[in-house]
Amino acid sequence: MDDPEGTNGVGAGCTGWFEVEAVIERRTGDNISDDEDETADDSGTDLIEFIDDSVQSTTQAEAEAARALFNVQEGVDDINAVCALKRKFAACSESAVEDCVDRAANVCVSWKYKNKECTHRKRKIIELEDSGYGNTEVETEQMAHQVESQNGDADLNDSESSGVGASSDVSSETDVDSCNTVPLQNISNILHNSNTKATLLYKFKEAYGVSFMELVRPFKSDKTSCTDWCITGYGISPSVAESLKVLIKQHSIYTHLQCLTCDRGIILLLLIRFKCSKNRLTVAKLMSNLLSIPETCMIIEPPKLRSQACALYWFRTAMSNISDVQGTTPEWIDRLTVLQHSFNDDIFDLSEMIQWAYDNDITDDSDIAYKYAQLADVNSNAAAFLRSNAQAKIVKDCGVMCRHYKRAEKRGMTMGQWIQSRCEKTNDGGNWRPIVQFLRYQNIEFTAFLVAFKQFLQGVPKKSCMLLCGPANTGKSYFGMSLIHFLKGCIISYVNSKSHFWLQPLSDAKLGMIDDVTAISWTYIDDYMRNALDGNDISIDVKHRALVQLKCPPLIITSNTNAGKDSRWPYLHSRLTVFEFNNPFPFDANGNPVYKINDENWKSFFSRTWCKLGLIEEEDKENDGGNISTFKCSAGQNPRHIRS
């Protein structure tokens, strides 16, 4: 097969080399025929416009036209950008406002347009309703003026940009609307987040017809514990609300559950009494797990316990078909709704309060007020005390009367009766041996101690003052303080000797003690208190009263100085019964005292040595029960009716 013309092989393709062979029909010097005379008609017309001179001018014109078009396009883009920027900060359109109203808590703003053909258009706000976010009337008016001024600027900008062309406004309308929507959404979110609780309270009142804050008493601290809580939750699914009735049983004693529906879903109202006290943080965490909603969608506060209107609300709704009630009704609801409880709550009996303080041996005013107030849930008289406007006066009167009764009762008792009453108020289980072992450890003969202790308790003249002396850390104060604590005696200190009333506690005590007496104290005792050490009658200055004459109770004195042998105070030698403690007080490896002396051990000691101390009396020999009658400060009641 012949090769193709003009190629040098098929395999080379278009990229290969090829040879072109020219066909020569005429050579130089050949004669030219007449038919081919080139000069015959060579007028040059065929060479006209052979070279196109208009190419340069056309290219320049096209470049200038492209540049002008580019400038025009850039101008249009710049105008559109400026217009969009101006309209972005101008007031939103009426449709955008309506969309924002639906999202941002029903803020209704309507606009009225007048004189649209005029150059300067004005917009007036014809309606401004409450937004629900707590704005005052002044703030709403300021917002209205701001929107109006922004609309005026927007109209002016629109009129200025209209000269460029209406096509730019139409092309950027979608972008501008999207730009206007973004800031309105941000504002709506900010208002919603900053007023979450207000929105939830509004939705609750809209659904239930009653304010949630009227049913509760707000707690400022989240750490305050309480057994009764009132809880409202939002956005709960129906299945979760139904399952809550079963899940909450294991945590509560009483539950009152209500569920209503609104545009935010199911709104739950729960009154619950837990098995133990819980704070708000614990309750929020528990309910968030049970309801599957965040803690921000709940409001948790304790209910009002003294509001009769609130109690009636819970009482009436408990009988309706929208409530699910489980457990025993709390006592505060019964107290405020049952007629008999209301009658009883209005009566306060001071004698009942005094009897309670006397029976529980509470004489301090602060303890009386605090402990009696804790009984308000179970004692109607205590509840009436809390409702009284004269609680301070009642507490003061109760404390004064209780102290009067206790003082008179103590004065009417002998030393044996007083020790017996103290033993009755002390628990059993003590051992008297540590006391005896400690005395022997200090080289004190137990029999000699019993003889001296018997005279000491009986108040024998010149034998009613016991001195425990010796070096430091030998257990003198430990031994004396334990005895004073058991017999509920008084302690006087020389530091108050400048006061006229520093001996006043001795007027109400069966036993007294002066601890760590120094040389200056011994001098004062030697000068002014010899009669007191003798056990004779003395005169004591008592505050707000005339001088009181009484027999000084037995005194225990601890000192590092043995005044019974010191020559500086010779007149005290015969008035002091001295016991020396010379050995250091022993402790075990754990730092606990080897000889434990407490109230139980003293009770065992007195029970063991009762007869040897001469505390038995004639009434005890008859074995006819206690010789102290029970005190009653309230009048008895006759349960039977008096017949006419």
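A Cβ is built for glycine as well, from the same backbone N, Cα and C atoms used for every other residue.
Feature annotations, courtesy of Swiss-Prot:
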- GLY470, PRO471, ALA472, ASN473, THR474, GLY475, LYS476, SER477: ATP binding site (BINDING)
- LYS551: SUMO cross-link (CROSSLNK)
- 444-594: domain 'SF3 helicase' (DOMAIN)
- 146-177: region 'Disordered' (REGION)
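Feature map: Swiss-Prot annotations on the structure.
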| residue | record | CB count, 10 Å |
| --- | --- | --- |
| GLY470 | ATP binding site | 21 |
| PRO471 | ATP binding site | 12 |
| ALA472 | ATP binding site | 9 |
| ASN473 | ATP binding site | 12 |
| THR474 | ATP binding site | 21 |
| GLY475 | ATP binding site | 22 |
| LYS476 | ATP binding site | 26 |
| SER477 | ATP binding site | 19 |
| LYS551 | SUMO cross-link | 13 |
Arithmetic mean of per-residue pLDDT over the domain 'SF3 helicase' (444-594): 91
Pairwise CA distance, SER477 (ATP binding site) versus the residue listed as 'SUMO cross-link', rounded so that it is a whole Å: 25
Coarse DSSP state, helix versus strand versus coil, of PRO471 (ATP binding site): coil
Residues within 8 Å of the GLY470, PRO471, ALA472, ASN473, THR474, GLY475, LYS476, SER477 Cβ centre (excluding the ATP site residues themselves): THR558, ASN560, PHE581, PRO584, PHE585
Residue pair GLY470 (ATP binding site), LYS551 (SUMO cross-link) - Cα distance, angstrom, rounded: 29
Rounded distance in angstrom between the Cα atoms of ALA472 (ATP binding site) and LYS551 (SUMO cross-link): 32
